[in-house]
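Taken straight from TrEMBL:
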TRANSMEM  48-68  transmembrane segment
TRANSMEM  80-98  transmembrane segment
TRANSMEM  134-158  transmembrane segment
TRANSMEM  173-194  transmembrane segment
TRANSMEM  223-245  transmembrane segment
TRANSMEM  265-287  transmembrane segment
TRANSMEM  299-319  transmembrane segment
TRANSMEM  348-368  transmembrane segment
Amino acid sequence: MVYLSDRALEGLKEYKYKPGGYTILDVIHNPFWEWLTSRMPMWLAPNLITLIGLIGIMLSYLASALYFPDFTGDESAPRWLHLLNALAIVVYVNLDCIDGKQARRTRSSSPLGQLFDHGCDALSVHLLVSNAQVALASPCGPASAILSSLVMMTWLLAHLEEYHTGQLMYSNGWLGVLEANYSLALLSFSSFLFGEQMWNTPLSSIAPFLPGDLLDGYVLRHVFFLASYMGCAALMCPQTIRILAGPTPSPLLSNAERGNKDIAWGSRIQQLLSLVGLLVLGAWWMAEDRKQLALGQCRMASNTFGISYSLVASQLIMTHMAKEPFYPFPWAYLFVGMGALNSTLHIVNGWLCAAVLCAVTVAAYLHYVSTVVVQVCQHLNISCFVIKPYHQASS
């Protein structure tokens with residue numbers, strides 16, 4: 001089974017990466033990234049740099065799942081785990097910012113590099129939000145479900161905007177990818193220093209000068225949730241406006257870059273609603289009452305949702321690069337929808353349902369990613385993790 005048609009593979013040839021929206025923090029880091037790139041060996045493939053960073057995030061996620069199977073643990077859980085999560089974020093985001101520089105330095109830039117880079121970013125969003133839940137000692141529930149959905153939607157909107165305009169905006173000028181990742185690293189580091197139970201501190205004890213009824217039932221964790229919701233809204237609102245109110249077609253898209261995309265205004269509405277639909281289903285499932293959940297059930301539900309999101313996000317990236325119409329995989333919705341429906345109707349055992357859906361979703365994701373990478377490598381005559389000599393790759 002293949003996912004990319006011959007027309008889609010030919011469309012990769014016209015792909016042009018147009019980043020934008022850098023922040024002050026990006027500018028400050030750039031000299032360091034240039035220096036770090038210059039120290040990398042010339043044989044080191046850019047995709048391998050990306051993969052090394054992602055493996056660090058995956059290992060920290062697995063360690064967190066071991067000690068915090070449902071995102072919460074007891075006092076016996078080691079604090080060094082939060083330090084590991086913080087360091088994994090810092091390493092990942094900085095490696096993620098030099099893989100493109102290494103590609104230009106080694107003259108190995110290709111559409112595969114962008115696909116691999118942004119595909120890993122899509123997966124890391126799910127993993128990083130899950131580790132943030134661990135740092136906050138926040139189990140499955142409405143607050144965590146909303147946070148996951150908003151962060152994913154912010155990421156999806158950026159790439160849906162790129163699909164229609166050809167430009168990927170990293171930030172609103174003040175808040176962007178780097179700031180968000182460092183905030184998550186600081187969150188985990190705070191839990192390393194003071195323990196994750198610090199986030200259960202009642203706000204009434206922090207601000208006793210405020211009326212007690214106003215803060216009753218709220219803890220420090222809710223401050224982080226509120227700040228995160230506001231940060232996502234600050235990014236999502238202008239993204240949505242640019243997608244819906246922007247000219248059709250965008251003047252940034254040449255005829256060659258437009259290709260066979262479906263970029264009519266009605267299609268923008270349809271694509272936007274389809275992405276919202278997936279996130280609503282996932283939030284519905286993750287908001288299930290944790291008192292009814294068996295050990296590990298919450299984690300498997302979250303993973304099914306996160307991997308389904310990563311699958312649709314990777315497809316969105318691929319269709320933009322190949323200049324094809326974007327129709328999300330229906331089975332991604334099916335997996336998450338079945339879990340959400342069962343969480344309400346309790347048709348079958350919840351733990352078994354979550355386990356089966358999680359396994360099937362991971363298998364479907366791995367099949368899609370591996371197949372697409374092989375197709376692109378064969379079509380462009382390149383290797384994913386090895387730099388071919390320039391004349392050989394060009395031929």
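Note: Cβ is positioned from N, Cα and C throughout, glycine not excepted.
Touching of the transmembrane segment (223-245) and the transmembrane segment (134-158) is concluded from the presence of at least three CB pairs under 8 A, sequence neighbours closer than 6 excluded.
Sequence-distant contacts of the transmembrane segment (299-319) (same chain, at least 6 residues past either end, Cβ-Cβ under 8 Å): 3-4, 8, 65, 69-71, 114-115, 118-119, 122-123, 125-127, 129-130, 133, 140, 148, 152, 155-156, 159-160, 163, 261, 275, 278-279, 281-282, 285-286, 288, 325-326, 328-329, 332-333, 335-336, 339, 343, 351, 354-355, 357-358, 361-362, 364-365, 368-369, 372. As a quick check, the transmembrane segment (80-98) and the transmembrane segment (173-194) clear the bar of 3 or more Cβ pairs under 8 A, pairs 6 or more apart, so the two touch. Long-range contacts of the transmembrane segment (134-158) within the same chain, counting only residues at least 6 positions beyond its ends with a Cβ under 8 Å from a Cβ of the stretch, are 64, 68, 70-73, 81-82, 85, 121-122, 125-126, 168-170, 184, 187-188, 190-191, 196-197, 199-200, 221-222, 224-225, 228-229, 232-233, 235-236, 239-240, 243, 275-276, 279-280, 282-288, 290, 293, 298, 301-302, 305-306, 309, 312-313, 316.
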